[in-house]
Amino acid sequence: MVHPLPVFKRYTGNTHQKKAIFGQCRGLPCVAPLLTTVEEAPRGISARVWGHFPKWLNGSLLRIGPGKFEFGKDKYNHWFDGMALLHQFRMAKGTVTYRSKFLQSDTYKANSAKNRIVMSEFGTLATPDPCKNVFERFMSRFELPGKAAAMTDNTNVNYVRYKGDYYLCTETNFMNKVDIETLEKTEKVDWSKFIAVNGATAHPHYDPDGTAYNMGNSFGPFGFSYKVIRVPPEKVDLEETTHGAQVICSIAPTEKGKPSYYHSFGMTRNYIIFIEQPLKMNLWKIATSKIRGKAFSDGISWEPQCNTRFHVVDKHTGQLLPGRYYSKPFVAFHHINAFEDQGCVIIDLCCQDNGRILEVYQLQNLRKAGEELDQVYNSAGRSFPRRFVLPLNVSLNAPEGDNLSPLSYTSASAVKQADGTIWCSHENLHQEDLEKEGGIEFPQIYYGQFSGKKYRFFYGCGFRHLVGDSLIKVDVVNKTLKVWREDGFYPSEPVFVPVPGTNEEDGGVILSVVITPNQNESNFLLVLDAKNFEELGRAEVPVQMPYGFHGTFIPI
């Protein structure tokens, strides 16, 4: 049954509960229930629909994130460690059903069988097997982190597509192929069986023909390198997974013993853009982490004395372009978009000047309350959209000090230095009002039509809390915002779904899963008109859900 959309309480400004002054907050509500273990709901639950869901909106919103944070007496330390919980909101002719299932990864099954944490995760070192003797437990510390058997297959970050099939992935060498109808794992895939990489990102890019590109790492006896990966669009055999994948370019790290940690990369029609940022992975610390009784995350540190470097690769030839582009230190977890214009690559990112966010996402921090929670939030960096310009054809005769950007519509500059490098200064794609929203993350665009092209709009979550507390539409041309927020609710990454056949950049709807720590309220799937950012409807589900990471919409 569909119900008229009632008037819900919204934030219209600062309240006595929360006061935001340029990122400084007091009185943040505790969100610990959003970061605790929940039960799966494998049988479809009919949602109570308020307002309306467009009749053309037929398909499934798939989401994934951590949903279990302990086994027996063992507890995970970091938000990124929780066991993968798959969510499905299925929409058909205005009705909505929900289900969720824990991914039956080898890690999940081994932990469940032993009732303890058997496999180490990003921020948690597995406990030694109590059934082994002292010598066996000691020797188990010497298994290298890069070895496939030592890596988790708890793929809890994103759904990705290769050759028409969907996979769950994180940043290790393992992916899990999934049946998007049943949410059941069908196959475990190891990247390293096909190409020489130890892992790849959870944010590949796609050409219109389905060719996929990704960034990975190679870590072995010959050192460390970043890898650009290409996966062909078509299967030769129905049983294929990532067969035919190729490494088309290898990039040596600027600092051999301390390569950069990265979460995503950029792509235009012709180029891959990879950013080496001063969030460093200390290879010695990582290689000796088990011996020292430390988790993988102990080997990652923010080193703001180092600048950020941009690498540009021709994705057709695999050639690394000679330009040496640098900027002041920042961290970017998510790229917004990138495109080419007048001999330049323009790249838009969500950037933070404080790279300690991985430390902030320790579960003990996220679950704090009162003044301690305020202190954690106020110590964290904020993420803001910035534009950089990378001129591709730099003349050796270009005078030192010249701004090499020919683009009149951006204040981003690229200035040639005496040593031939190019110093890139960004343009802010926002005004002061976004600072009052706590910045923005989880950026999304109309990917199918505007990825790698000049664009105007993107969508994301505002962060006046440690998790997203609003949805925001950003106009990067006029630098204006539209905001949706509701008191006591926390929306997930927005997913843009276009009206069938449209080429309009905001011609469609935004889907977001909105959850609350209040046990007397229902979580819901929200649908907004992407143009005016007004609510069209919501589908309430009386099921506890944790705050997750990423997802995708798959039309029927």
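Heads up, the Cβ atoms here are built off N, Cα and C, so glycines get one too.
These figures come from a predicted structure and were not determined experimentally.
Features of the protein shown, as given by Swiss-Prot:
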- His203, His263, His334, His550: Fe cation binding site (BINDING)
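Highlighted in sequence order, Val157, Asn158, Thr201, Ala202, Ser264, Phe333, His335 have their Cβ within 8 Å of the centre of the Cβ atoms of His203, His263, His334, His550, the residues recorded for Fe cation, and are not part of that set. In the three-state DSSP scheme, His334 (Fe cation binding site) is classed as strand. A sphere of 10 angstroms centred on the C-beta of His334 (Fe cation binding site) encloses 19 other C-beta atoms.
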